[in-house]
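Participant: Got a structure here, written out as structure tokens. Questions coming.
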Amino acid sequence: MAATVEGPELEAAAAAGDASEDSDAGSRALPFLGGNRLSLDLYPGGCQQLLHLCVQQPLQLLQVEFLRLSTHEDPQLLEATLAQLPQSLSCLRSLVLKGGQRRDTLGACLRGALTNLPAGLSGLAHLAHLDLSFNSLETLPACVLQMRGLGALLLSHNCLSELPEALGALPALTFLTVTHNRLQTLPPALGALSTLQRLDLSQNLLDTLPPEIGGLGSLLELNLASNRLQSLPASLVGLRSLRLLVLHSNLLASVPADLARLPLLTRLDLRDNQLRDLPPELLDAPFVRLQGNPLGEASPDAPSSPGRLGPSGSNLLLAPSSLSFPVTPRGCSVTLACGVRLQFPAGATATPITIRYRLLLPEPGLVPLGPHDALLSHVLELQPHGVAFQQDVGLWLLFTPPRARRCREVVVRTRNDNSWGDLETYLEEEAPQRLWAHCQAPHFSWFLVVSRPVSNACLVPPEGTLLCSSGHPGVKVIFPPGATEEPRRVSMQVVRMAGRELQALLGEPEAAVSPLLCLSQSGPPSFLRPVTVQLPLPSGITGLSLDRSRLHLLYWAPPAATWDDITAQVVLELTHLYARFQVTHFSWYWLWYTTKNCVGGLARKAWERLRLHRVNLIALQRRRDPEQVLLQCLPQNKVDATLRRLLERYRGPEPSDTVEMFEGEEFFAAFERGIDVDADRPDCVEGRICFVFYSHLKNVKEVYVTTTLDREAQAVRGQVSFYRGTVPVQVPEEAEAARQRKGADTLWMATLPIKLPRLRGSEGPRRGAGLSLAPLNLGDAETGFLTQSNLLSVAGRLGLDWPAVALHLGVSYREVQRIRHEFRDDLDEQIRHMLFSWAERQAGQPGAVGLLVQALEQSDRQDVAEEVRAVLELGRRKYQDGIRRTGLAPKDPALPGSSAPQPPEPAQA
């Protein structure tokens, strides 16, 4: 709410900046007088200067509408000066009488000497903005209550213990902030402020709220953070205009359930309270923040019981630093910070069990995708693997739906034993562009959300059956009696190709194809009797008019590289609209109508075109830190919107030319011409950054780069190149790589320039150089360490964002101000001192690394958070490799620290 508190002051400053700058020679001689703005708060002797102007009465003084005056003055002189304002500055619209310009030895802002205001100030008929922050007011001056036109009143950092009832009579007040005072109660008349839009009462001693507060019908933002509230009045649900409600750091044990029904509410902050249970409407609401509450824990007064969950149906919300949670036979509902929900029904487990989870980045060895599948989520791993529950556990995975959904479906894919399968999945909408994929998990393993062509399946009995496609009714498979001795499961998927794409590929206007049919089965590879397959004839072709010599039935059996023309090996029965043929085993089938003779190679190219995505590659550098490079692979239709969002913080060259990539295709980025990757990362091989392209994921990495060249002499003009495939065992030299780009089968995709600007001599050595700090580690060997070097790297990335990170880490505002004052001439030292002093206090504390990652994310520094995660993952891998080499690795692959068994390669059909 800090930005909100300063809003009216900023508006006043902006209005002052837009005002007329006309002035005569006399006013130009006074640096604090410009147009209609008089700023005396930054100059010594401000009161004397103002009294002198009041005696001279220059013409410009009558035009002043905005006055700023420091209250670090002699109290009697200050009172005499303020008494002159109604006569000398009758047009005043904004009056700022603030302390805080001076600091104590610890760097904290000092309060001004103002304890009251002259009664005559009520005569400022045009005053709309009054700022009395950082003063020594113990009661609200009576003249303030007579200012009927007042729209904004700022009273932060005073000594107020109460507010007068008459405050409710200010008819134009829209903004009121009374933060960092000593308020214990609020007057009921506060609810009469019908025009009030923003109210900030944070950092006080309030333990109750008057019911009349529900009468603030125009209120948009209400901040009650850091008080002593134990309950809320039910009348809060009457704030129908409310958009922001901040209640963190109180003692709330419950909140009204109807808060979730406020029509305009977009954020409800309930962090760090005493909430043990919440109504489902609030627990499931996406705009509610609940970290730091004992949700799901038993009340301290309740009898002790196994685990830490409350009664059946209790809710548990896990913070990002939590990687496990207990489940008892009573069941519970669990919400993970990574966008996952679990519902354990009562009786799902016979004994208490600890569930562990990880959210893994997708990679080809872990993500089984069919040729036409698309990945929609990261990989969720739930442990212990293979545990059978007495009842199925409900699982919800959050994802962004794909734009093209015709003849496609979304499923949750999981691994059971050594094979992957798809679970019956239901979609539930959370927001217009956010959906939950809901399924019942019979066991714990790996889970991911996949978009695939609509699949139809059935169980074929010995008596025979009929299988039809739900998306293409003309596609059928007829199983005669005796085709199988034992029931077997068969499935079909149908993929359509647009005729114009085929015609452009072949250069033949009359070319056409049928839908592509994929058939798969369980059990023996062949059927005992031929199975009849029916496909629609290619679009625009009928059985009465076609030329049979141009009709081709193509067949593909993985892992063959080409399609085979089997027209001469089967009997094609043609009707007006369909072609029927018989087969004894299943694979891929496709009907083509073309004048071309060698169709197999063309079919392979057309099939690849169906699966290719047109993408662009971008490389941008952060404006405030050119050593931070953002690399991203974007589908062509997302490039413009993404660049519009990024170019406020990044700059760089135009995106690469369009290239084509398959879903799940690996590629890597290589920095060249004197630029190298600055940190050891798990996705970095021989200085190359590895990627896997997934069309519905972000495919973005932020990398810090360095150079061995002398940047004090000149700027470094390097580049980053993108290549297909994995990093080769023998990484070619830069000159050799440049020659390879010109080959016919080149793996090179694009090269984009990177420039590291010349360092000025005053910038000195790289951040952190020459430091002598005590050895320090956060975390542990199993979950990953952050060492002194890692923390220095994090410190070097924060820049001007460090105060926000510090406050989210729990560092007090007073401590931040002290650090700013103590190291006021050295930004890098401010950051290092804050981060290392916090880390020293966290030494040995569990969850410290998770708290750091969470603070970085909350400060909008996702780039640094991802770097910390990469360091932790690298440390975990090294630790696991070490215990495996020493023979200490656990045999159970489900245990933490042991490598997960690799899933098999995905089946092609």
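For all residues, glycine too, the Cβ spot is worked out from N, Cα and C.
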Participant: From the ranges 1-25, 76-100, 326-350, 676-700, pick the one that TrEMBL records as region 'Disordered'.
Facilitator: 1-25
Participant: Including all protein chains shown, what's the count of other C-beta atoms within 10 A of the C-beta of HIS585 (active site)?
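Facilitator: Around the Cβ of HIS585 (active site), 12 other Cβ atoms lie within 10 Å.
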Participant: Could you please provide the mean pLDDT value for the domain 'ZU5' (454-595)?
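Facilitator: So the average pLDDT across the domain 'ZU5' (454-595) works out to 89.
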Participant: Using a 10 Å radius around its CB, how many other CB atoms surround SER445 (active site)?
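Facilitator: SER445 (active site): 23 neighbouring Cβ atoms within 10 Å.
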Participant: What's the number of neighbouring CB atoms sitting within 10 A of the CB on SER587 (active site)?
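Facilitator: Taking all protein chains shown, SER587 (active site) has 18 Cβ neighbours within 10 Å.
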Participant: Quick one: Cα separation, SER445 (active site) versus HIS585 (active site), in Å?
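Facilitator: Between the alpha carbons of SER445 (active site) and HIS585 (active site) there are 32 Å.
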Participant: Only counting partners 6 or more residues apart, tell me which same-chain residues put their Cβ under 8 Å from the Cβ of HIS443 (active site).
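Facilitator: Long-range Cβ contacts: HIS385, GLY386, VAL387, ALA388, PHE389, ASN416.
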Participant: What are the DSSP helix, strand and coil residue counts for the domain 'ZU5' (454-595)?
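Facilitator: Once the DSSP states are binned, the domain 'ZU5' (454-595) shows 14 helix, 65 strand, 63 coil.
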